[in-house]
């Protein structure tokens, strides 16, 4: 029996195959220019990500972050909502989790749940702002979510420094601006001793599988997908666009906020400014590479997390800076965004037209 591969699958294989080749090529050139061996650099990255139990644990820690922000992004972008405010929603969730974590005494399981619930609610409410501005005032969410990112970043820093710390700050600057450590009862359990790999991995995976279920098997998921593919068609089909926009923003904000809560309860055990290091933007990149496929987000997040952890080891073992890995990641996102099938079709059409014109010219002669 002959295996039939659909045109879409062929396009996907072509796109990822060419993107990987181009990324490896340009990445190797970039590394070689700096006097290092590309093969050795890749070896150090792999060793740093999977070389021993501690490295694997630290890789899982980054995978958790990638899964959460990837989940938040895919809910939005698969539904045609440009939520660039994941970073801000992450900050709001993280601070609220930290406050609940250090200020309230509860039994372990309940305390963790309270922290993550508070983080989810704050992230959701913060995402509601651009949703309402879009629905009722027709203000583009690209603008509002970007602005709200900055507001969240500086608002949480202000609250931490001037309200929680009472304006006390040492000479170390923003690095010393933190909330008190959360109580042990508010911390997620570690799954690999000596690392910050925690049970948040199960929460993150559960969320991604739940997202996949919603979009594949529920009416709401079908409507969200229709809006993402063709809003005018969805509106003609009777989909309530405004209601769906608000629901999508709330879902995306909830996951973003919970992601911030997991960062606090599973890794940092406190809130500090600049903790995320652009995690929200990572989510958008991961979703782009995964082509808005919830299950593909899991695979991309594993690679993303491994690269983050591996880059730290590569930096220690070579003269290369970890920023090289970030550049290579961005190159891959750039290359995977190109529609190679359409590009090749246009080239073929140009070649065909040239041949036709040349034949026409020779027949006239």
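Using the three backbone atoms N, Cα and C, a Cβ is placed for every residue, glycine included.
When the ranges 145-165, 166-186 are checked against TrEMBL, the one recorded as transmembrane segment is 145-165.
Matching 270-288, 289-307 against TrEMBL, the residues noted as transmembrane segment span 289-307. Contacts between the transmembrane segment (289-307) and the transmembrane segment (110-133): absent, as fewer than 3 C-beta pairs lie under 8 angstroms at sequence separation of six or more. Residues 82-85, 87-89, 91-92, 94-95, 99, 126, 129-130, 174, 177-180, 271-273, 280 of the same chain lie 6+ residues outside the transmembrane segment (145-165) yet bring a C-beta within less than 8 angstroms of a C-beta in it. In this chain, the transmembrane segment (59-77) lies apart from the transmembrane segment (319-338): fewer than three C-beta pairs between them fall below 8 angstroms, excluding pairs fewer than 6 positions apart.
The transmembrane segment (245-269) makes contact with the transmembrane segment (110-133), as judged by at least three Cβ pairs under 8 Å among residues 6 or more apart in sequence.
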